[in-house]
Amino acid sequence: MRIARDLPTLRAELASLGPLALVPTMGALHEGHLSLLAAARQEAPAVAASIFVNPLQFGPNEDLSRYPRQEARDLEMLEAAGCDLAWLPSVEAMYPPGRATTIDVEGAAEGWEGAARPGHFRGVATVCTKLFQQTGAVAAMFGEKDWQQLQAIRQVVRDLDMPIRIIGCPTVREADGLAMSSRNRFLSPAERAQAAALPGAMQAAIAAMARGATPAAALAEARAGLAAAGFALDYLALVEPETLRACAAPPARLIAAARLGGVRLLDNMPA
Ligand code: PAF
């Protein structure tokens, strides 16, 4: 596996690789990322992964400084997964002094995470646009776990006529149903045992609606159950899958964000 840490090296390495599919990551890799790498292999003859903890997508009071970093282990995992190129830019390489351009997304990026984390999707859209430009990837893989992020990136690619296919890949879950996330490691053992109640409550709400319960009643029951289980719920809502506009009833996407201790968990499911 080739490794590039600056743009001249990246460009030199790209010159000898064919069309590539990119897996953008912030590192702290887990099985979910590996599933994206496997899917990338189906999209292009070469596979690249980026590891960059993007300061632009963290708010001032968020967890940038404590975001997990494990570069040596990540590189071993990428190598073992058959990744051809690892792109590990420094903050200075990604955002040289004097930079003055960002990408602002409206539409799918509004509300929910966009409201809870002002500036977050600007940071995501800006770094993804740069990663797509830097690598010239023909496809990029994103987990459905971050559903709103996936739709926001699709919006950017559509709006800016970018010649890249955005591929959403199914959420990879732990045996008890918890969606895999690099931040799950911050859950205490007690919180970790409790965390699967989030997807559990979502599934129960979806099943209740399928049996004829009203969305209002099904979601109210899920909210009450989650509060009793110790979650501080930011939102649990039915939305139109592509626009993320709130909607009254299925077919829809059920999206949720909830805090358990100091960890904010996100999940979503078709409903
Ligand atoms: O989902 C992530 O890990 C990040 O938001 C991404 C897409 C790599 C951009 O920094």
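Every residue gets a Cβ built from N, Cα and C, even glycine.
Annotation source TrEMBL lists ATP binding site at 26-33, 143-146, Val172, 180-183. According to its DSSP assignment, Glu144 (ATP binding site) is coil.
Marked as active site, proton donor by TrEMBL: His33. For His33 (active site, proton donor), the count of additional Cβ atoms within 10 Å of its Cβ stands at 27 [all protein chains shown].
Annotation for Gln149 ((R)-pantoate binding site): same-chain Cβ neighbours under 8 Å, separated by at least 6 residues, are Glu113, Phe121, Val124, Phe142. Taken from TrEMBL, the feature (R)-pantoate binding site applies to Gln57, Gln149.
There are 21 other CB atoms within 10 A of the CB of Gln57 ((R)-pantoate binding site), with all protein chains counted. Under DSSP, Gln57 ((R)-pantoate binding site) is assigned to a helix (H, G or I) in the three-state scheme. Summarising the annotation, TrEMBL assigns beta-alanine binding site to Gln57.
In sequence order, Gln70, Arg73, Asp74, Met77, Leu78, Ser182 are the residues near Leu29 (ATP binding site), counting only same-chain partners six or more apart with C-beta under 8 A. For the pair formed by Val172 (ATP binding site) and His33 (active site, proton donor), distance between Cα atoms is given as 9 Å, rounded to the nearest Å.
Secondary structure at Ser182 (ATP binding site), taken from DSSP and collapsed to helix, strand or coil, is helix.
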